[in-house]
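Below: the structure, in structure tokens.
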Amino acid sequence: MSEKEIIVAEQALPDKLFIVPLLGKPIFPGIFTPIMITSNDDIEIVNQAMENDKVIGLILLKEEDESATGPKDIYQVGTAAKIVKKINLPDGGVNIFISTVKRFRIRKFFTSEAPLIAAVDYLDDIVGSEQKDELKALTRSVISEMKQISEDNPLFSEEMRLNMVNIDNPGKIADFITSILNIDRVQQQQILEELDVRARMEKVLVFIKKEQDLLRIQKKIATQINEKIEKSQREYFLREEIKAIKKELGEPVDSKSSEYIKFKEMVDKLNFEGEIKEQVERELEKFALMDPSSSEYIVTRNYLETIVNLPWEEPKPDVIDIAKGEKILNHDHYGLDDVKERILEYLAVRKLKNDTKGSIIILVGPPGVGKTSIGKSVARALGREFFRFSVGGMRDEAEIKGHRRTYVGAMPGKIIQGLKIVKNKAPVFMIDEIDKLGQSYQGDPSSALLEVLDPEQNIAFRDHYLDLPFDLSHILFIATANTLDSIPRPLLDRMEIIRLSGYITDEKIEIAKRYLIPKSLKKHGLIKGQIAYNKTALRSIVDGYAREAGVRTFEKCIDKINRKAAKKIVMGTEELPIKISKDNLEGFLKKPYFRDDEIKRVSIPGMSLGLAWTSMGGDTLIIEAINIPGKSGLQLTGQMGDVMKESAAIAFSHVKQIAGDYGIKQEFFEKNVIHLHIPEGATPKDGPSAGITMATALISLATGKVIKKNLAMTGELSLTGKVLPIGGLKEKTIAAQRNKVKDIIIPKPNERDLDEIPAYIRKGITFHPVESLKEVLNLVF
Ligand SMILES: Nc1ncnc2c1ncn2[C@@H]1O[C@H](COP(=O)(O)OP(=O)(O)OP(=O)(O)O)[C@@H](O)[C@H]1O
């Protein structure tokens, strides 16, 4: 015990105290607080105290151990407290409200174990008279330091602040502050035991400083955390706001980053190298930095979209199975034996050479003869994708090679577009109407096409839009054309020509029965038993409505009939099956376009029947000649081309020269204008092969002799009367068949072509090979 301690026995406080040991922290004098009492010993003590003067002594346990409650387990100094109120709890415990009054020290225990009762001495604060000013200063400094703490720490309530200001006794201020500061229980006990107010104040000041340090650190950590949270929260809120705005505008939310990630992933997967890698990565980088609302953004996005959707991977090698190919071709097409044969040969060579590169097929023939469908079958036989595009009327190189990306709305060319669609590097590409390729100031599409088709160049084809090399050499190109005349030579030189010459009536009927009718029925939702075509009906359709070389019109006629039949079936007006015959055909198709008497026939002198070969296939053509007395000369009409006009002039000259041999006087030519005409004047006609026909017409006119019926001719005439070879004999023969021609005069050199014409087409026709016009004239009259 310190010397300065003065022991005062307070009047109102008993000498003998019931002791309640405290587990947590000491309680200082001058405090009003509830305490919960749970142990039976303590409850007993409280009860006894209540019966006496309601005062208890609160002393801290040395250790936080509930079971240690003997005299040795507690400190010597505690606080006397008055019980203000006692509330019994339902679980047997009690809650007491106490007001602490004064420090005390144990003098002597009356009991050696709980419940403890002890005799105590009450302790007063010690203040030396010489310390008064010093204490004042200390108090001020304690209060101001505490104010600062309480401002920084929301845990110190306004009430506590008020409390502090209102306490005027320095010792009590020190007690109060100690009780609210976060100080270790042992240190608190030390302050409780410190009676010298100045020393107590100094100790408290040290704790306040410590608390301030702690608070400072705590604050610093808190600001750091807050800053972090604020930043991420700020970003989060801003992002959410952008999303909401975009949503409002109907734009894809967060599109840019997700698009960039998508492209990046796809590009990474493609494993580009060299130039391509560099360029694509450059574009990607640019893309990442662009403003999604800018037009460049869209341009770059489209570009990347094209890049990642192109088939860059090397294709699997072809599995060419000739037998399977043959099966597919036969399954899809009737006839066309020579064409199928050529295709199979082509595939066989491809297989042997083990070469995916090389020659290009061109299928030449009139419309509707099955060029497209042959192309599709080839793709099927090779197990490849099929893509078809037409270059007919194409005038701009950019349609094939694309626009440079600097153009607004630039697009890749047809080839790259096609590859993007089929998603395969080795498809079958059909280039339609290559004979109708145009030309203009916008560049030459045929030279662009050459770049595409030429195996030397197409390994690294450069589309303007892509601006990167792309290997086209795996593509199997099949071109189609109606005629070869207008195809640029360099293009044609790289192609393997396969001709489809058109069908005779019997073939058309077979095609209709096997393919066109079933296809059309299906198209119109009909089934087999609902409609029945007989063979004569089909023949009448061909003769009356669909005389062209292909089967396109025929197909349309069948569609028309089926459409009308479908209506009848739905309305239930007719008995099933609906029979289509020659007699009711007009009910479906209206009046025929062609009539039997429209078959071109020679009936008077000055007429002769020729055979022509046009892009629509073979055809018969009548040449008419009349003489107009008066002046002399030759007049030509009927849309003749230059070559044909020259042919006419040659024929005229030659006929004048040989006129005498046939009893024609020169006077006839001197006193007459000879007018030569080819009917169907609206159709342009050209070529030299009508030479002998025109000469024959002139002789017929001058001699007044009608030429033989059912005879037609083809052959170029030289000025000296020789008959020169012509092209398209097969097509011409087919046309002759259609016109019920029985005899055909052909140039002798064309005799070898007859082998290529199937027997069923030649059936019923006699060919007369000739070398001179003289032989022709012998045959016709
Ligand atoms: N030999 C055939 N066997 C079966 N069907 C055929 C045959 N020839 C043509 N067809 C059919 O005739 C229709 C027209 O043929 P396709 O479209 O292939 O003609 P095309 O020669 O490509 O004509 P175009 O030059 O006008 O494009 C198609 O329905 C096709 O299946």
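Backbone N, Cα and C atoms are what each Cβ position is placed from, and that goes for glycine too.
Under the heading domain 'Lon N-terminal', TrEMBL lists 17-212. Among the features that TrEMBL reports, ATP binding site is placed at GLY365, PRO366, PRO367, GLY368, VAL369, GLY370, LYS371, THR372. Here TrEMBL flags 602-781 as domain 'Lon proteolytic'. As annotated by TrEMBL, active site applies to SER689, LYS732.
Positions of the features from TrEMBL, shown on the structure.
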| residue | record | Cβ within 10 Å |
| --- | --- | --- |
| GLY365 | ATP binding site | 26 |
| PRO366 | ATP binding site | 25 |
| PRO367 | ATP binding site | 19 |
| GLY368 | ATP binding site | 23 |
| VAL369 | ATP binding site | 27 |
| GLY370 | ATP binding site | 24 |
| LYS371 | ATP binding site | 25 |
| THR372 | ATP binding site | 17 |
| SER689 | active site | 27 |
| LYS732 | active site | 29 |
Check: min Cα-Cα distance from LYS732 (active site) over binding-site residues GLY365, VAL369, GLY370 goes to GLY365
Reported as an integer number of Å, what is the Cα distance between GLY370 (ATP binding site) and SER689 (active site)? 27
To the nearest Å, how far is the Cα of PRO366 (ATP binding site) from the Cα of SER689 (active site)? 19
Average pLDDT across the domain 'Lon N-terminal' (17-212), rounded to a whole number: 85
If you take the centroid of the Cβ atoms of GLY365, PRO366, PRO367, GLY368, VAL369, GLY370, LYS371, THR372, the listed ATP site, which other residues of that chain have their Cβ within 8 Å of it? LEU363, THR480, LEU500, ALA549, GLY550, ARG552
Listed in sequence order, the recorded positions from GLY368, VAL369, LYS371, SER689, LYS732 whose CB sits under 6 Å from ligand 1 are GLY368, VAL369, LYS371
Sorry to bug you, but what's the C-alpha spacing from SER689 (active site) to PRO367 (ATP binding site), rounded to the closest Å? 22
SER689 (active site) to GLY368 (ATP binding site), Cα to Cα, whole Å, comes out at 25
